[in-house]
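Structure, as structure tokens:
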């Protein structure tokens, strides 16, 4: 049968316009990024790869210093390890949103590619939230090892709980921004019964989370000042250690930039550029926070570099121990007999070594309550039965 004819009369007729038309195929709809978006995408990819290499090297160095020559990994090291997995996963997802930066032709980018990129960006949001929480929880764990005051320790635990609460909120906000969730990347509006947050609500949510990160970054950056004042090391070294532990302030700077951009979310004429810029600063904030969390644990190699350039001086190493030793020397024979109870063993060697990695416990300063000065009692037996005792 001729498809253009129908009916007994044989008169020509065809289907009404759009009778067999389906939803538009997004793979056939060009969505070429603007020059500004293309440039921003290449900058984002370069920054992501560079920062991931730096963070991986510092993370590996941190694990090495905590494992050799003595294994003394703490729970904060395991948390930062989980954070590294999340940071890497988030970076991969965000890099995949701009595939044309790896030699592809951006002119072939279609709406289907944009939809897929939006999907990856939405899925990366809860991963980013938990990576930031894990990084700051690790920093809080490091500070808990160094800080002995009960009030400050309670405050650090409150900060840990807040990080978990905000991460749970961020996860729920990401998965509930649209119901059903796949409506969040439905750029064609095919899901007519979807309920999604307005752009204004998304702006407010982003600004609130960014503000929380700014405040917590500043708090964690300034907290080392509270105990570095009491550490008995040269002022110049205290400044160097304080700067290393306060590098998280740069993460708060990235949060400020992102909060400023979030205030203008959905108000520009280039949503593709807008999304790339938000993703860039989210990744920078995450990577800088991770790097800042690893660097304080590399005090020894940093101190060696600074000593090489004459910025700090090496102090004489003082002997410390967690036990009291007693020795006896015979004045006639000159033979000393050290009691078998003398054992150079720290009350908590793992914790003491971890503190030394950060504050340099071997340079004569008081690091924590787990270390005390060694006290040796010497008894000298003189001829005639008299003895002299002296504590050293």
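Using the three backbone atoms N, Cα and C, a Cβ is placed for every residue, glycine included.
Here is what TrEMBL records for this protein:
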{"type": "COMPBIAS", "residues": "1-13", "note": "compositional bias 'Low complexity'"}
{"type": "COMPBIAS", "residues": "14-24", "note": "compositional bias 'Pro residues'"}
{"type": "DOMAIN", "residues": "61-303", "note": "domain 'Rhodopsin'"}
{"type": "TRANSMEM", "residues": "40-61", "note": "transmembrane segment"}
{"type": "TRANSMEM", "residues": "82-102", "note": "transmembrane segment"}
{"type": "TRANSMEM", "residues": "127-144", "note": "transmembrane segment"}
{"type": "TRANSMEM", "residues": "156-184", "note": "transmembrane segment"}
{"type": "TRANSMEM", "residues": "204-227", "note": "transmembrane segment"}
{"type": "TRANSMEM", "residues": "239-257", "note": "transmembrane segment"}
Between the transmembrane segment (127-144) and the stretches 40-61, 82-102, 156-184, 204-227, the largest tally of CB pairs under 8 Å belongs to 156-184
Over the domain 'Rhodopsin' (61-303), what is the model's average pLDDT?
-> 88
